[in-house]
Ligand SMILES: Nc1ncnc2c1ncn2[C@@H]1O[C@H](COP(=O)(O)OP(=O)(O)OP(=O)(O)O)[C@@H](O)[C@H]1O
């Protein structure tokens, strides 16, 4: 069974796949493979744990996950190369976290008319530095981690106060409704599945909500933690401030998050590390989206366009998920600013194209 394949079998599959275009394929040279194939992290993770998904799914974009925080040191030879290529940075010199002065943010509501932006969301990923990532995590460890996390939720007060809902025992109807409302995560990503992301599903997974349901935390989806602030409309300042207060509360509660000099916050997928921040709007841009320049327009602004049901989904009714593409090599505040500038440009272009049609 390939899910249990040895590192030699996985490598043979990757090496023989001439048309594979993943970053793993590009960067795991024979020399690197030979040097790394017998190494182990302090969590007991191996190269096979990192590359399994990318070898089973030769159509992967990235193709490599970190089996645990230590993988970024032990398998740095290949992971650093992948990180540089994915994030398009020549050097790994991520700055220290900087959220900006919350009293002097450069932005407010990006769409006061309320006509274009359906909703705004900013999320960060965080990993406990004392636990491995899904390929090496046991069920008991995941449950213990869930307990540590729940204890930190007790520190949320004011508008952040809320309740934790474990997935185990949640009805199918509730899960479906929460997913359709864009609140909850699913277990249907084959890349993540083959990386071990759904091992022992759904034990140790859950979701925390504040009372107003505009702040939530995903527990043990892809990352140990995803802190998410979201609301209807375009008030980026309100969404961002809420998130920063939540991050500071979690940190002050005594949790220690995995971080490495030059790489910032560590996440399961190397595509997310650094700020681990994705700021997005769901925005109506039917005219821009239909224009041939849509992709290059977004690329020039470092904006990523996704469908509205998450990565790898299609747009519905001309509504797109527009977010910052860069997460590494810039501060949190700069990442949000980059998204803000890009979204404003997309909005202006949409209006211009709509006016030209009249
Ligand atoms: N601005 C937004 N408004 C409402 N829902 C959003 C917004 N951005 C993302 N979502 C919803 O959040 C959920 C998760 O999306 P998705 O998986 O694409 O992003 P993510 O959580 O940032 O993680 P990743 O980048 O690792 O995929 C989906 O249901 C998506 O529709």
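The backbone N, Cα and C atoms fix where each Cβ goes, glycine too.
What Swiss-Prot records for this protein:
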{"type": "BINDING", "residues": "61, 62, 63, 64, 65, 222, 269, 311", "note": "substrate binding site"}
{"type": "BINDING", "residues": "119-123, 182, 226, 278-282, 306-311", "note": "ATP binding site"}
{"type": "DOMAIN", "residues": "6-88", "note": "domain 'Phosphagen kinase N-terminal'"}
{"type": "DOMAIN", "residues": "116-353", "note": "domain 'Phosphagen kinase C-terminal'"}
Euclidean distance between Cα atoms of residue 306 (ATP binding site) and residue 222 (substrate binding site), Å: 18
Listed binding-site residues adjacent to ligand 1, that is, members of 62, 65, 119, 122 whose C-beta is under 6 A away: 119
List of residues, in chain order, with Cβ under 8 A from that of residue 269 (substrate binding site) and at least 6 apart: 62, 65, 66, 222
Cβ-Cβ neighbours of residue 61 (substrate binding site) (radius 10 Å): 15
DSSP residue counts for the domain 'Phosphagen kinase N-terminal' (6-88), split into helix, strand and coil: 47 helix, 0 strand, 36 coil
Greatest C-beta neighbour count within 10 angstroms, which of the binding-site residues 62, 64, 122: 64
For residue 309 (ATP binding site), the one of 61, 63, 64 that lies nearest, given that the binding-site residues are compared by Cα: 61
For residue 226 (ATP binding site), the number of other Cβ atoms found within 10 Å of its own Cβ: 22
